[in-house]
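Reproduced below are the annotations present in TrEMBL:
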- A:6, A:9, A:39, A:42: Fe cation binding site (BINDING)
- A:1-52: domain 'Rubredoxin-like' (DOMAIN)
Ligand code: HEM
Ligand SMILES: [Zn+2]
């Protein structure tokens, strides 16, 4: 499971957690999120996200 | 469908800075608009027609669609026809006094934002923890030395975030007060207590003079600083901005001065407003105070709720670059939209009991920091600052109450309390 960061607002998409508020189940890989998904914090599109390492 | 028009007597006060001294009355206007005119046209004499966007969903949609709803073609802040004419005259035909990130569109916006973006990412802001904590302790100590009574807005709320951001920019402490003065003259130009002494709101000449003084002072101050940092780089924001490249070229003068202006104004005025209002709320609500003192895990929710309730930048104006249908209304190319963050953050359809202060509100997806590509670049720093201060204050304050009347600023754009007189016991 990996993490991704929104380069606009800094939000983290953690594949382990998903984004249940937007219907993305825990465990969903970033690649498998639908293309019309938006960053829940700032509304950026999927392509604004980069892989994130701690 | 014909375009709904909001009755003038209902909507006119939202343009007038003096209205904001009575916050409840303003909130009531927006509550009425959300119910009866959620997306409708405002045609108040002295102002060009604007759509007033009041609903959370619409505010997010407009803010997110940056290519359709531009930030840079007209004044991004609410302005009368006369003010717009004055700004154009002053700036040689441009719609803004300063051209900051807030006033830009793609591709410039992306380039300019990239200059500082990384240092404000949460993982990098986390490294500032110790410095921020030292400042929070310094201000808590000052408060403890004031014999149990102070005007919290003036002594703590306005000064602590100022110190944090000015330290980050790399400004010597003795210059911080100058930044506060210039910020207030610029953003609180209409407040009788905070405006430039001698400037009279009703006299446009005075307004232009204020801009001139503020621009010149910022310019001479920052031109020196840029020269210093180019000669001897340091680890601070001033160095980043001084070396910033835009489309492979150094920033032009107006862009650079404006960059410093946004950092040294937006970087503290907003946080000050939130901290001041949060104390005002606490000092009137002993139950809330003891609840959070007993359970500090609520501090982070307390901070989010303070931002939602306060919503310091209350509105921005956008213009449509093409026709667009928004919630059943036909927006035409060239139309102006007054986008109310204040209203969106109280939208009954999104926030239960929107006027109740609930530190445990979940979810609390407020848009106090905006939405879309202009979302506040300083949001993680702002949160760190506020959480750190409240950790200190909840640890050391035994009780707090109001010692007089609080007072809101008279400001139609960024607004917060200017007086929060409190009495307290702290160790
Ligand atoms: C509680 C504190 C704060 C609040 C409520 C706040 C609010 C906002 C909002 C609503 C915007 C969006 C403007 C738009 O839609 O055009 C914004 C942008 C911005 N804020 Fe903040 N802010 C806060 C603290 C800070 C801090 C500490 C900084 C420090 C650097 C900062 C710097 C900026 C900058 C540079 C922008 C422009 C971003 C852009 O247009 O791309 N803010 N802020
Ligand atoms: Zn985002």
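First residue shown is number 1, and so on along the chain.
Placed from the backbone N, Cα and C atoms, the Cβ positions cover glycine too.
No curator has checked TrEMBL annotations; they are predicted automatically.
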Across the domain 'Rubredoxin-like' (A:1-52), what does the mean pLDDT come to, as a whole number?
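When the pLDDT values over the domain 'Rubredoxin-like' (A:1-52) are averaged, the result is 96.
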Out of the binding-site residues A:6, A:9, A:39, which are near chain B, with a C-beta less than 8 A away from one of its C-betas?
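Going by the Cβ criterion (under 8 Å to chain B), the qualifying binding-site residues are A:9.
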On the DSSP side of things, how many residues of the domain 'Rubredoxin-like' (A:1-52) fall into helix, strand and coil, could you say?
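Here the numbers are 9 helix, 15 strand, 28 coil.
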Among all the protein chains here, how many other CB atoms are within 10 A of the CB of residue A:39 (Fe cation binding site)?
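Other Cβ atoms found within 10 Å: 26.
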Please work out the number of neighbouring Cβ atoms within 10 Å of the Cβ of residue A:6 (Fe cation binding site), leaving out its own Cβ.
24
